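A.B. asks: Before anything else, here's the structure in question.
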Amino acid sequence: MPETFDVIVIGAGPGGYVCAIRAAQLGLRVACVEKRETLGGTCLNIGCIPSKALLHSSEVFEETTHHLAEQGIIVGQVGLDLAKMQVRKGEVVSANVKGVEFLFKKNKVTWLKGEGRIVAPPGRADQETPGVVNVAGTDYAAKSIVIATGSESTPLRGVEVDEKRIVTSTGALELAEVPKSMVVIGGGVIGLELGSVWRRLGAEVTVVEFLDGILPGMDGEVRKQFERLLTKQGFKFRLKSKVTSAVADDTGVTLKVQPAAGGEAEELRADVVLLAIGRRPYVEALGLDAVGVALDERGRVKTDAHFATSIPGIYAIGDAITGAMLAHKAEDEGYALAEMLVGQKPHINYDAIPGVVYTWPEVAAVGATEEALKAAGVAYKVGKFPFTANGRARAMGATDGFVKILADKATDKVLGAHIIGPDAGTLIAEVALAIEFGASAEDVARTSHAHPSLNEAVKEAALAAWDKAVHI
Ligand code: FAD
Ligand code: NAI
């Protein structure tokens, strides 16, 4: 008889490990399968955490090199020890992944090490028959199986990744030298965050983007201002362009770039090319075909509103299913699914999930964009407040950007917020909470905000949406 659990979660990323811990907290016997040497998934090992460690270090480097003198701070020659910076990044990752291992022990979640394959779905003969998952040659049984296997970088025909000269985000986090030049294919979140890291450390960065602007899907005004600010920082953009081939040699990479609509190709040369045109669900090796779990047209596991797949007893969450590919979205789904498995009725408000680009300045959004409200025919009001009029931002010398709040014209209910500016990723949390609680712009505006704080820009934008800002 195989060892039996109530739940087997496959994948220990933010979706899977949170689901496993919450299920164990609720009294279930839980195992989590992970093939990587460490827990934490893409996010902790090769995504959110290492990228933020390098973003932080490179930001400190740039600040020290270029922006201290203007505050009257004189330092000597600033140098770069990239090897040390990379070691620190590794230590940050290590502390985080060990933290998850500690939490597994604390909550009595069993880590099954190796690649998991679903051999048989639960409830075959009768409601009670457990499903079977094979891990490294051993079978384990469970009443419920959760697919939390995440995503991988989307490939591009003609661009062969070697993770040295032609890299995905994984290789871009590991470079041992600062490239003189870097071409980034894709002006999305990864391209702009990791492009920022290497530009700050000294690379000339050119972004080739298929569409007519960067960060598609975000607020139009934010996208335009952000592109202007990044250009001022030294980014070069080739919009409405596509890369048709990239070939590496001993000294660099030769790329062919064409207008998106077709036309004459041009050659570009770069030391390193970062391919960042999106991510796709990773469900290989799970044996989904054999058990009959259905995928949608984009290769995502099909689920209903309760994360149930087409096969009873098998569930899926996180990057492997529809929706934003974000760590906190995966976590929220993992948490909610664990509660559903014990009969509780949690709810996720997908309109209140924030998205943040951790560049300088940061870009953050939650809820609807103006473009989406227009398309849906919703009557709305806009309140805007620039950081130039915020005392704290002035004191910090960080006045680029603004807060924009969208509220329903008739009810004043907050529908969305879009921020570009210092610490936008922290500021957006207040508006996410407002949306979650169904607050009005007036509610946000009448809430006391400490002075002098960056949050006052949110208050003033809410005032502007409701009636009139005071400080502009
Ligand atoms: P994953 O984190 O991908 O975890 C899936 C795990 O399953 C992996 O560890 C994999 O090894 C394992 N696995 C797969 N198949 C099997 C199998 N058959 N058997 C055993 N194990 C298996 N999101 C944010 O919200 N904020 C950020 O700042 C951010 N930064 C990012 C930066 C980069 C460079 C990248 C690439 C991504 C970033 N993301 C960020 C996205 C975030 O990492 C993902 O949304 C998140 O990791 C998804 O979680 P998940 O649990 O669904 O899957
Ligand atoms: P993305 O979807 O954010 O951006 C991809 C960009 O590439 C788009 O602008 C798209 O128009 C462009 N593109 C697509 N095909 C192209 C082509 N052939 N040539 C040129 N451009 C092309 O994807 P990205 O940046 O790879 O990130 C993947 C996921 O990782 C994102 O969905 C995001 O959710 C997640 N992530 C989140 C972060 C955060 O929350 N801070 C940080 C990094 C990643």
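The backbone N, Cα and C atoms fix where each Cβ goes, and this holds for glycine too.
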A.B. asks: Please pick, from Gly114, Gly116, Gly123, Gly278, the residue that TrEMBL records in the NAD(+) site together with Gly186, Gly187, Gly188, Val189, Ile190, Gly191, Leu192, Glu193, Glu209.
C.D. replies: Gly278
A.B. asks: List, in sequence order, the residues of the same chain other than Gly186, Gly187, Gly188, Val189, Ile190, Gly191, Leu192, Glu193, Glu209, Gly278 whose Cβ lies within 8 Å of the centroid of the Cβ atoms of the recorded NAD(+) site.
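C.D. replies: Everything else in range on the chain: Val184, Gly195, Val207, Ile214, Leu215, Ala276, Ile277.
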A.B. asks: Considering each pair of residues in Gly186, Gly187, Gly188, Val189, Ile190, Gly191, Leu192, Glu193, Glu209, Gly278, all listed as binding NAD(+), report the largest CA to CA distance in Å, no decimals.
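C.D. replies: Across Gly186, Gly187, Gly188, Val189, Ile190, Gly191, Leu192, Glu193, Glu209, Gly278, the widest Cα separation comes out at 15 Å.
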A.B. asks: For ligand 2, list the recorded positions among Cys43, Lys52, Gly188, Met325, Ala327 whose CB atom is within a distance below 6 Å of it, in sequence order.
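C.D. replies: Checking each Cβ against ligand 2, the ones under 6 Å are Gly188, Met325.
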A.B. asks: What whole-number Å value do you get for the CA-CA distance of Gly186 (NAD(+) binding site) and Met325 (FAD binding site)?
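C.D. replies: Cα-Cα, rounded: 16 Å.
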A.B. asks: Pick out which of the recorded positions Lys52, His451 has the most other Cβ atoms within 10 Å of its own Cβ.
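C.D. replies: Buried the deepest by this measure is Lys52.
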A.B. asks: Rounded to an integer, what is the Cα-Cα distance in Å between Cys48 (disulfide bond) and Ala327 (FAD binding site)?
C.D. replies: 8
A.B. asks: Rounded to the nearest Å, what's the C-alpha distance separating Ser151 (FAD binding site) and Cys43 (disulfide bond)? Just drop the number here, would you?
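C.D. replies: With the alpha carbons as reference points, the distance is 10 Å.
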A.B. asks: For each of the recorded positions (Cys48, Thr149, Gly186, Ala327), count the other CB atoms lying within 10 A of its CB, then report the residue with the highest count.
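C.D. replies: The residue with the densest Cβ neighbourhood is Thr149.
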